[in-house]
Amino acid sequence: MNNEVKEKLQVKDLILIGVMAILLFACMFVVVMILGMNPLTYLFAPAIAGIPAGIVMMLLLSKVPKTGTFFLASAVIAVFFLIMGRLPLDVVTMLVCGVIGEVLYGALGRKRFRGMAAAHAVYTCGLTLVAFISVVLLKDAWAKAFAGYGRSYIAKVIEWVTPMSLVGLCLLSVLCGLIGAWLGKCLLKKHFEKAGVL
């Protein structure tokens, strides 16, 4: 009975998930704000954001290694994207990545680094897909939604983001996500040992 209670998300867990989700979003927002000033560097912003975000994600998953933790964090971030005016496809994409990451996190081990790293790699890939999947599938809607960036900026992003380049950016995102997870593990080594993460 006690094990079942421990496995269920408590109020304190939900609060921590919310706080960490805000920090994850902040990592992404700061990196995108800096690199987003140029359309070329903007392409790599979501992937690069996965590196500092890895520290936050590893802390979250080691503190709350329970079913639903990763998905709920992803869902909170999806809500932030919705509030910021992202297209519905982008929001759904983040939620789908949340489901995939949650499944991998559980399958590979919630108290194993490989499970945590895989989940974060999916999260980072999700950031890239949120940023660019609509560029590939809904060009006109995306261009209209982000017209404030200017015609030249929009035109360059549309020119550079093709199905093939998006695949490449997703692979880069997975790599950056794994690097971020490893960095988080190194910086949180003592915490990992205390939490029993293998």
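From the backbone N, Cα and C atoms, a Cβ is placed for every residue, glycine too.
Worth saying up front: this structure is predicted, and the values here are computed from it rather than measured.
According to TrEMBL, the transmembrane segment annotation covers 14-36 (among others).
What TrEMBL records for 42-61 (among others) is transmembrane segment.
The feature transmembrane segment is assigned by TrEMBL to 68-85 (among others).
Among the features that TrEMBL reports, transmembrane segment is placed at 91-108 (among others).
According to TrEMBL, the feature transmembrane segment maps to 120-138 (among others).
The transmembrane segment annotation in TrEMBL covers 158-184 (among others). Residues of the same chain lying 6 or more positions beyond the ends of the transmembrane segment (158-184) and with a Cβ under 8 Å from any Cβ of it are 39-40, 43-44, 46-48, 50-59, 113, 116-117, 120-125, 127-129, 132-133, 135-136, 139, 142-143.
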Counting Cβ pairs under 8 Å to the transmembrane segment (42-61), which of 14-36, 68-85, 120-138 comes out on top?
14-36
Using a Cβ-Cβ cut-off of under 8 Å, list the residues of the same chain that are 6+ residues beyond the ends of the transmembrane segment (120-138) and lie near it.
24, 28, 32, 43, 45-47, 49-50, 53-54, 57-58, 61, 70, 74, 81, 86-87, 89-91, 93-94, 97-98, 100-101, 104, 145, 157-158, 161-163, 166, 169-170, 172-174, 176-178, 180-181, 184
